[in-house]
Each structure stands twice: as C-alpha cells, then as structure tokens.
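Below is one structure, written out as structure tokens; the observations come after it.
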Amino acid sequence: MTEHVSSSEIKPKKPLSDQQLATLAQKIHDLAADFGFQQVGIVDPQLDETLKHHMAWLDNGFHGEMSYLEGNLDKRAKPYDMVPGSCRIISVRMNHLPPAFSALTLLKQPEKAYIARYTLGRDYHKTFRKRLTQFGQKISELAGGMGYRAFVDSAPVFERPIAEQAGLGWTGKHTLILNRSAGSWFFLGELFIDLPLPVDNVSTQQHCGSCTACLDVCPTQAFTKAYELDATRCISYLTIEKKGEIPVELRSLMGNRIFGCDDCQLVCPWNRFAKHTDETDFHPRHSLDDVSLLTLFSWDEATFLKRTEGSAIRRTGYEGWLRNIAVALGNSKGGQPVIDALVSKRPECSEMVQSHIDWAVEQLQKDLSEPIKLLQFNDNDTTSRNRDSHEHS
Ligand code: B12
Ligand code: SF4
Ligand code: SF4
C-alpha cells in the first residue's frame with residue numbers, strides 16, 4: 001500500500017487561549033459533516049500497549065508478505081515524530097456503504113463475482129484525502145494558521161487504535177472499528193495538527209458481548225482468536241496483498257470473492273444500523289456489483305486498465321486479477337463452458353496464472369461427477385438475516 005498524505009506548514013500568528021482552543025474544538029465537530037465526515041474525535045493517543053500487540057502479531061508472522069507493517073515501529077508508537085510540531089490527532093470516519101447492493105444474493109451465485117463493497121466505486125484514498133486536506137485548510141483559517149498533515153490508510157499509523165481512543169467506536173472481535181449508530185462500514189483517516197486542542201472525553205465501552213458471529217462465519221477461519229487475525233488466511237490479503245500463488249488449501253474456501261471480503265462485517269448485528277453513503281464516488285461503477293466471472297475473465301489487460309481507472313482494484317494488477325478469477329471459476333460449479341473458457345485463455349497467461357487455471361479445471365472436472373452443493377449460506381438461519389438486514393432498512 002502507498003502512503004497518502006498532504007500537508008501545510010502555516011504557523012499561527014499568536015498562540016490561542018484555552019477558551020479559543022475549546023471554541024475551535026467545538027467548531028471542528030460542527031463542521032465535520034460539511035466535509036463529508038460522519039464523525040470526528042480529537043485525541044492525544046497513547047500507543048505503547050498497541051505497539052506490544054503489533055510486535056507480537058508480527059512475531060507470529062500473521063502479516064505475511066506485508067513487510068511495510070514491520071517498519072517505522074518507533075513512529076507508530078510515537079506518531080507525532082512523523083509530523084514535527086504536531087501534538088493532537090483529529091481522527092475522522094467516512095461511510096462507504098453503497099445503496100442497493102445485495103451481498104447475500106451475490107455470494108449465493110457462484111458464477112458471479114463478489115467484490116468487496118468498499119471498492120466498487122472510486123479509490124477512496126483520493127476522495128478522502130482531498131476532503132481531509134480541505135478540512136485542514138478550513139481549521140487553519142479558523143485558527144489564524146495551523147500546521148497539519150493528512151493521512152489516509154497505510155502510512156505507519158495505527159489508525160484503528162487512534163480512532164478508538166478518539167471515540168469513533170470500539171475494536172470489534174473482527175479487529176475493525178465499529179460503533180453503535182453506524183456499524184463498521186466506514187474508512188478511517190487522520191489529521192495531525194500542531195494546536196493543543198482539548199481532547200474529547202470518550203467512552204471505551206465494548207459492545208460485542210458474547211457474540212462471535214464474525215469469528216464463526218469467516219470462510220477461511222482466519223481468526224486465531226477474538227481480536228487476532230492471521231492475515232495470511234484472510235481473503236482480503238489473499239486477493240489484494242499477496243503476490244504469486246494462493247495456497248492450494250485455501251482456494252476452495254474463497255468461493256466467488258475475487259477482491260476483498262466482507263463476510264465478517266456482513267454478519268455483524270451492529271451493521272443493521274449502518275447508513276448508506278451519499279458519496280457518489282463510492283457507488284458501484286461498470287456494474288461491478290453484478291457481473292459474471294466469465295465476463296471479467298474475458299477482459300484483456302487494456303480493458304482491465306480502462307475499467308479499473310481510478311479504482312483501488314488496480315492494486316492487484318492484471319495478473320493478480322486473472323489469478324483471483326481463475327480460483328473463483330474453479331469454485332463456480334459452472335461445468336464444461338467454464339472449463340472451455342479457462343482452457344482457451346490459458347496460453348496467454350503467465351505460469352503463475354496457468355497453475356491456478358489448472359487447479360480450477362481440475363475442480364470443475366471433479367464437480368461434473370458430483371451433485372451441486374451450495375451450502376455457504378442458509379436463508380433460514382439468523383446469521384444470514386443479520387448479514388443483509390441493513391439492506392432492507
Ligand atoms: C494491513 C491492513 C489490512 C490487512 C490486515 C488486517 C488486520 N486486521 O490487521 C488485510 C489485508 C488482511 C486487511 C483487510 C481488511 N481491511 Co485493512 N488495513 C490494514 C492497514 C493498512 C494496517 C492495519 C494494521 O496495522 N494491522 C496490523 C496489526 C497491528 O493488526 P492487529 O494485530 O489486528 O491490531 C490490533 C491489535 O493490536 C489490537 N489491540 C491493540 N491493543 C490491544 C489490546 C488488547 C487487550 C487486545 C485484545 C487487542 C489490542 O488492536 C489493533 C487494531 O485493531 C489499515 C490502515 C492502517 N494504517 O491502520 C487498514 C484498515 C484496518 N483496513 C480496513 C478495511 C476496510 C479492511 C477490510 C474490511 C477490506 C475488505 N473489505 O476486504 C478487510 C477486513 C479484514 C479484517 N477483519 O481485518 C480499514 C478498517 C476501517 C474500520 N472500520 O475499522 C482500515 C483502517 C483502512 C482505513 N483507513 O479505513 N487490512
Ligand atoms: S475479511 Fe473475510 S476472510 Fe478476512 S477475516 Fe473477514 S471474513 Fe475472514
Ligand atoms: S459480529 Fe459480533 S463479535 Fe463480531 S464485531 Fe460484530 S458484534 Fe462484535
């Protein structure tokens with residue numbers, strides 16, 4: 001992942017009084033909605049404990065090939081060192097749930113592609129970074145000058161623990177931040193600032209209770225325990241971050257998920273309270289919310305690049321894209337027509353993709369002699385009702 005930052009070094013003409021800082025903090029909360037943020041929190045984070053957890057997580061090798069998570073550990077624990085002069089962080093969240101998108105229906109149609117909701121539209125980094133920068137400019141104007149720097153994802157910033165300490169929600173057992181009025185369908189971003197604003201008083205209460213729905217539903221059993229994810233088993237990692245071969249033992253568990261995965265969020269009861277986003281940038285483009293695997297597999301590289309322009313999907317690259325679709329086609333129970341499509345595309349593919357095609361063909365040939373089983377989700381259980389419940393609210 002790349003670092004997305006923007007900054008300004010304008011200094012205030014004279015220090016603000018405590019009263020002026022308190023008034024400014026209130027205005028920041030009042031103005032957030034004008035910039036497309038559903039919530040903000042001002043925080044002076046304490047991250048020593050988080051660093052210990054992070055290091056233990058790395059020691060277990062749960063980060064796989066994401067070597068960037070090993071770097072800048074000092075800065076992760078002392079984030080102000082990244083932006084000299086900064087002394088507070090404004091943590092913000094932005095909803096991304098697109099309207100009228102039935103995840104359950106798609107997951108039950110093995111011939112269709114499932115692409116994670118967060119990436120059906122434009123790359124969120126761009127929209128979010130632009131808004132954060134405008135927000136920083138506005139605050140700077142109100143303060144009579146302020147140094148600030150905006151981060152959106154993947155800088156060495158502990159975004160989730162910072163958001164939790166800023167009061168944006170609690171860390172769920174699936175490791176994501178969620179809150180009682182919005183669920184978890186939102187992105188996080190941060191504005192590092194050099195004004196000593198009063199921090200928000202926040203509740204640190206957790207509301208997962210005895211629920212384990214996210215842990216139980218994970219198709220690849222990627223959670224080693226509550227609050228601990230072995231990313232190397234997570235479909236999001238396998239389809240987006242991992243280069244090269246996808247481990248054979250995980251392929252049949254991936255179903256039709258070709259870019260990211262939403263299952264642990266779909267099943268979460270708190271997502272019944274999630275709100276759809278008004279940001280048209282996050283609405284699906286090129287019918288990616290309802291498209292067959294064979295259609296996507298037929299794209300040549302030029303078509304892939306054109307249709308994924310401005311989208312985070314480009315991150316996987318054309319080779320990774322074909323690899324992911326080949327695995328999904330192997331799980332599609334699509335029989336001879338799918339075998340034919342795989343075999344006909346094979347000569348133009350890299351060796352790595354070819355090995356996934358061969359695996360897929362083998363699966364489909366096995367299926368031809370077996371009755372079709374589609375037991376991934378059952379309409380009658382409460383899990384599947386929770387899973388899509390917010391779509392009907
Ligand atoms: C690497 C990464 C991934 C990896 C690893 C995910 C992971 N859980 O760590 C992969 C590729 C698998 C991934 C997947 C996804 N990701 Co991601 N990812 C990141 C990234 C870049 C870094 C996260 C990180 O540092 N992980 C490493 C370690 C430290 O994680 P960890 O051990 O779980 O950390 C937790 C513990 O230390 C724990 N902890 C801390 N102190 C303590 C104390 C105690 C007592 C306990 C028990 C625990 C505990 O809290 C930490 C945070 O939750 C962040 C952006 C950022 N800069 O933060 C986005 C981010 C976390 N991802 C995000 C999203 C949306 C996703 C996906 C939903 C995308 C998708 N639909 O496919 C999935 C969700 C999978 C999941 N269940 O986590 C969002 C989450 C928004 C939210 N509401 O929380 C983020 C914040 C990006 C953003 N700016 O919005 N992601
Ligand atoms: S995103 Fe999917 S694969 Fe990853 S932890 Fe959640 S349910 Fe499991
Ligand atoms: S599914 Fe249950 S355990 Fe998981 S985050 Fe949601 S409330 Fe917490």
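Cβ atoms are placed via backbone N, Cα and C, with glycine included.
Annotation comment: TrEMBL describes R76, D153, T171, I177, L188, S236, C261, D262 as cob(II)alamin binding site. Within 10 Å of the C-beta atom of L188 (cob(II)alamin binding site) sit 22 other C-beta atoms, taking all shown protein chains into account.
D153 (cob(II)alamin binding site): 19 other CB atoms within 10 A of its CB, across all protein chains. Taken from TrEMBL, the feature active site, proton donor covers D153.
The domain '4Fe-4S ferredoxin-type' annotation in TrEMBL covers 198-228. Within its own chain, the domain '4Fe-4S ferredoxin-type' (198-228) is flanked in space by residues 18, 21-22, 25, 41-44, 57, 62, 88, 164-167, 170-175, 180, 234-235, 238, 250, 253-255, 257, 261, 263-270, 376, 383, 386, which lie at least six positions past its ends and keep a Cβ under 8 Å from the stretch.
Secondary structure at C208 ([4Fe-4S] cluster 1 binding site), taken from DSSP and collapsed to helix, strand or coil, is coil. Per TrEMBL, [4Fe-4S] cluster 1 binding site is recorded for C208, C211, C214, C268.
Feature annotation from TrEMBL assigns [4Fe-4S] cluster 2 binding site to C218, C234, C261, C264. In the three-state DSSP classification, C264 ([4Fe-4S] cluster 2 binding site) falls within a helix. Residue environment of C264 ([4Fe-4S] cluster 2 binding site) contains 25 other Cβ atoms, counted within 10 Å of its Cβ in all protein chains.
Taken from TrEMBL, the feature tRNA binding site covers K243. Counting only same-chain residues at least 6 apart in sequence, those with a Cβ under 8 Å from the Cβ of K243 (tRNA binding site) are E65, G320.
For ligand 2, the neighbouring binding-site residues among R76, D153, C218, C234, C268 are C218, C234, by Cβ distance under 6 Å. Less than 6 Å separates the Cβ from ligand 1 in the case of I177, drawn from the binding-site residues I177, C211, C214 in sequence order. Listed binding-site residues: R76, D153, T171, C218, C261, D262. Those with a CB atom under 6 Å from ligand 3: none. All protein chains included, R76 (cob(II)alamin binding site) registers 21 other Cβ atoms within 10 Å of its own Cβ. Mapped onto three states, the DSSP output places C214 ([4Fe-4S] cluster 1 binding site) in helix. Summarising the environment of I177 (cob(II)alamin binding site), the number of other Cβ atoms within 10 Å of its Cβ, over all protein chains shown, is 22. Within 10 Å of the Cβ of C211 ([4Fe-4S] cluster 1 binding site) there are 17 other Cβ atoms, across all protein chains.
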